[in-house]
Amino acid sequence: GVITMKDALDGFRSEGVVAVGVMCAVAKSVQATGGLQLIAKLLLGNPQGRFMTVLRMMLPVLAISAFLNNTPVCAMMMPILMEWGAARGVSSKQLLMPLSFATMLGGTITLIGSSTNLVAAGAASKQDPNFAMGMFDITKVGLINAAAGTLYVLVAGSKLLPEGELQPVSSVARAGETATQQAGAPRGSVRLWLTLALLVSTMTLAAQQPKRLVTVALGTLCILLRAGCMDLKDAWKAINGPVLLSIALSFALGEAIKKSDLATIVADKVVELVAPFGSLVLLFAIYFVAIAIGMVISNNAVVTLMFPIVVRVCEGAGISWKAALYALTMAASASFSTPVSYQTNLMVAEAGKYAFADFIRFGLPLQLVCMLATVPACYVLFS
């Protein structure tokens, strides 16, 4: 009797949950028309040496992931990067883990870059109906996060990532052809450019009217389906049902934490221990707890479970919860230290034959780097 049936099902009508599903389908259309491959090949260029090769990989992936769902970006980029890297004498082990991390870092740059951002925006607007996270409200701190992460990958990658054996270009190319065939053939240049134009229009309209993101995205999806840029079957497949179900139900768990007074009990203890040291230390504590929990549960669940506690903590400390919201969102997206903490990590772990320890050795310091960069930024920008 802690929550009612209405509370249990409330997550299914959350705009954040709906937006996650619709944007996954829109991202699938970019993949289906070949737009992602075109953008990647135009931006990757012909660099020489490991440092420049990794840099030229990171920058376009950051940009693409800021507007498209991370999973299809990673799936389509893997065969492209394996062939591209092999041609430049850089092994896949030096590129694939940075690829996964780049998609996560890029996802923190805009509201639609990650489902975590959309879930956080939905939880915040439920807490305060007057609050609306705009398309680019998160961009300043997201760019700081992405810049710090990219610098770390460039400097530490050669020392902490395994070298790996360099595959012959021909074998990598065959693997890339197989992956491309599995993804489906491109649907023609007209549909490709229509898809890219609609994606830009969606971002522009959503930036001006953040509360209408779901409406705008649904309209875009309908046009894409009508124009034949993707099949209805592919759209349904792109909407990951189990993920959406877990997000929706985690809202119910968050409501239970709030109504059972567990949030208040935990918040009182946190305020007692941390608040005397100031609000900046409080933000560091929130970030640290979030990345620790994120090692064992999904990033979206981290946001929905911790947000009620974070609100109570901030109210008890007498500060606004806005800065804590952004710090929590950034921390939930920093799933770098284990292969099981995020789906793109699992994808590259198999393709790159990484060991569990490789993620700990390279990903854990990255979490600390991002924490040191983003928490002060959240404090300055949103307090």
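Positions of Cβ are set from backbone N, Cα and C atoms, glycine also.
TrEMBL does not curate its annotations; it predicts them automatically.
As given in TrEMBL:
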DOMAIN    1-331  domain 'Citrate transporter-like'
TRANSMEM  59-81  transmembrane segment
TRANSMEM  101-124  transmembrane segment
TRANSMEM  213-232  transmembrane segment
TRANSMEM  277-302  transmembrane segment
TRANSMEM  323-342  transmembrane segment
TRANSMEM  362-382  transmembrane segment
Under 8 Å between C-beta atoms and at least six residues away from its ends: which parts of the chain pack against the transmembrane segment (59-81)? 23-24, 27-28, 30-31, 36-37, 39-41, 43-44, 92, 95-96, 99-100, 102-107, 109-110, 112-115, 142, 146, 150, 172, 175-180, 183, 199, 203, 238, 343-344, 347-348, 351
Range from 101-124, 277-302, 323-342, 362-382 with most C-beta pairs under 8 A to the transmembrane segment (213-232): 101-124
Within the same chain, where does the transmembrane segment (277-302) have neighbours whose Cβ lies under 8 angstroms from its own Cβ atoms, ignoring anything closer than 6 residues to its ends? I mean 6 or more beyond. 114-116, 119, 243, 246-247, 250, 253, 270, 310, 313-314, 317, 319, 323-324, 327-328, 330-335, 337-338, 341-342, 367, 371, 374-376, 378-379, 383
Sequence-remote partners of the transmembrane segment (323-342) [C-beta within less than 8 Å, at least six residues beyond its ends]: 100-101, 104, 107-108, 114, 116-117, 120, 124, 138, 141-142, 145, 279, 282-283, 286-288, 290-291, 294-296, 299-300, 302-303, 306-307, 310-311, 313-314, 349, 354, 356, 359-360, 362-364, 366-367, 370-371, 374-375, 378-379, 381-383
